[in-house]
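Quick look at what Swiss-Prot lists:
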type: BINDING; residues: 10, 11, 12, 13, 14, 15, 128, 137, 138, 201; note: ATP binding site
type: REGION; residues: 30-59; note: region 'NMP'
type: BINDING; residues: 31, 36, 57, 58, 59, 86, 87, 88, 89, 93, 162, 173; note: AMP binding site
type: REGION; residues: 127-165; note: region 'LID'
type: BINDING; residues: 131, 134, 151, 154; note: Zn(2+) binding site
């Protein structure tokens, strides 16, 4: 069984990916792991990727696509199947993946799309704040301090928010992800591969829906 998992940052995609891998025994292929392995093993594409990263440059699509192809050609994929996580990120990469799968004679069985309302994601992702004295991390909704305005760990009263966690920054990041993701989802929807999963639920309820979707695919 060969699957792709998609979802916006904060939608719980990583959590569900880990559960799918544990439950179904497929190979978990994440972009970060692929890059690290390719560079550590000094594959042709790994060496190319490292040359760009060492210069502080973005790795071009051709190299990223090549690393994915190298990974999908490994023997465990034929044995176990895969869950691809974090790729494709653009419609161009999606088309490149189509070509790679065709060249390797691999069939993509389904796309699990974790859907969460972007407004609730802004709240989820921008709620983090940090104690200036000791660095302890809290969340306005999910992990507040026991006493408002006082750090549980050191008793400090000064907190700050990282630039990346501010609502306007989070919203901009989500807007970019939505703009990139919509044509990819549309592409796979045309192929009849997408299963939409409501992500605004308890983690176990989300996974119950994921399992139902996978059972329908199988």
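Quick reminder: no glycine exception, Cβ is built from N, Cα and C everywhere.
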So among 12, 14, 31, 57, 138, all listed as binding-site residues, which is physically nearest to residue 131 (Zn(2+) binding site)? Use the C-alpha atoms.
138
If H, G and I count as helix, E and B as strand, and all else as coil, what does DSSP give for residue 14 (ATP binding site)?
helix
Ten-angstrom check, please: count other Cβ atoms within 10 Å of the Cβ of residue 31 (AMP binding site), all chains counted.
18
Apart from its near flanks, which chain residues at least 6 from the ends of the region 'NMP' (30-59) lie with a Cβ under 8 angstroms of it?
17, 66-71, 85-87, 89
Which is it, of 12, 89, 154: the one of these binding-site residues whose Cβ has the most other Cβ atoms within 10 Å?
12
From the Cα of residue 154 (Zn(2+) binding site) across to the Cα of residue 59 (AMP binding site), what is the distance in angstrom?
42
Of all the binding-site residues given, 128, 162, which residue's CB has the most CB neighbours within 10 A?
128
For each of 10, 14, count the other CB atoms within 10 A of its CB; which of these binding-site residues has the top count?
10
Between residue 10 (ATP binding site) and residue 31 (AMP binding site), what is the CA-CA distance rounded to a whole number of Å?
17
